């Protein structure tokens, strides 16, 4: 069998030189390009310009195009009057507002000798004391964080990480790995009352190289700090794709995907991160944990890669991973189907799950999502708008559909053309069985493009005084629809009792043979009687209980962190807690990775 070098030469192409230095979305001082007070890039944000909603910036197709219908849809969704809307500016957080940082000059001197870069700048440290949880932004505006890192360290290699971990053990410091910072479960926050330990934020994002890839075995080894979109762009230059495509792909990292057991939009074809990873390198307090072989499968006891998967920074630092890659698809096709209501859409998703052929990505949204999405599509020319109008409202007249009940599925199919044709044909057959109407490809393609910009909407709602968050349990098909209805009922009962402005919207984001991920957003308007976030936490607990009572899991792909910590024992049993504690004690005897995730007594501290 020919090696990759021989294959490249025979094709008259220059074989790549490894490692490949990949363009990095993250500068060391990331506040230069990233929003310190919200999601994403600092030059991109939603705002109201007279009667129109506008997404400012230059990075996305929809930037700077007036979205008048989107403004109307948001007003209907929130049942709110925002005529006098003015963005609320977050108060400044200064170093004097926080406990004095713990000094460790000897540690810094050792880093200098070893030529490992670091920063003591408050802005660098403050940006890394939290992630992207809703509570993080509530604290940014109305409170103070418990602890800010004393130093940010920027390793450039696996060897640098080994050294930093050894030094952390030497000085009994606390070390929290930090990648893209997109975490939404407060897993990056340090909440201990003890302010005496030296607190290190280890930023992995300068470790972003592709160390090697092998087109014969279709494997690639990459450093853990590489951002998803940077990774994908680099692979596609060589005719490859990983196929992991979460909503946060621009900013989340490979190491973060592994640490949280991430899932992406293309799960149906390529699998989730645990299906892609073939070997993980984890730097622990007692040494490096990794397999000494790379084979398709081995029967030699428990697979220790699964210790790293989902560990959320508690056991060590993930420095690199070998992943399965795929040929860049020859054909890509988008499509959509409209259903009379959300339940019929869910039934369609179940029908598709039984097919032997699989679309790459398949998502279903309820009517609230559908109307918002349709409003956001209205930045087209007159002809495009006319076509959309005829397709949608013509179908309503012809099929007697109610626009305020419609749901829609969007899909992406990748592969050879014949394969794509076959999959789409079978999906259309399933759709027609459940009252679906084919909606064409343009809407779906634009909907996929909107995925990354939709992440910015939460900040807009927050500025309007609304708290919005999401929960993404997975559930077996038998209990899927009953759980959705139970969530709706519990939410309505609470809203009737509390008399709050509110919104609740569902989507099916991932489909499996035996179940699905039910991803839903919930939000409330300002309250006057009690602290707003206290009320929001109570509502979250109500929804969590409904999910658990129906056999759903706490999280499909966001992780546990501290957001769902108090439910963790119920999910894994006391034996599971003891097993984790035993692993933790063995790999981290001094509790260097004391971030508090999965540590049940940490729940005694008020988050």
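Any Cβ shown, glycine's included, is placed from N, Cα and C.
Since we're looking at a predicted model, the values are computed, not measured.
Annotated in TrEMBL:
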DOMAIN    145-328  domain 'FAD-binding PCMH-type'
BINDING   247, 248, 249, 250, 251, 252, 253, 312, 313, 314, 315, 316, 317, 318  FAD binding site
SITE      363  site 'Important for enzyme activity'
BINDING   458  substrate binding site
ACT_SITE  519  active site, proton donor/acceptor
Integer Å distance between the CA atoms belonging to residue 249 (FAD binding site) and residue 519 (active site, proton donor/acceptor): 18
FAD site span - longest C-alpha distance across 247, 248, 249, 250, 251, 252, 253, 312, 313, 314, 315, 316, 317, 318, in Å: 26
Cβ atoms near residue 317 (FAD binding site) (within 10 Å, other residues, all chains): 28
Inter-residue Cα distance where the pair is residue 458 (substrate binding site) and residue 315 (FAD binding site), in Å: 32
Residue 253 (FAD binding site) to residue 458 (substrate binding site) - Cα separation in whole Å: 21
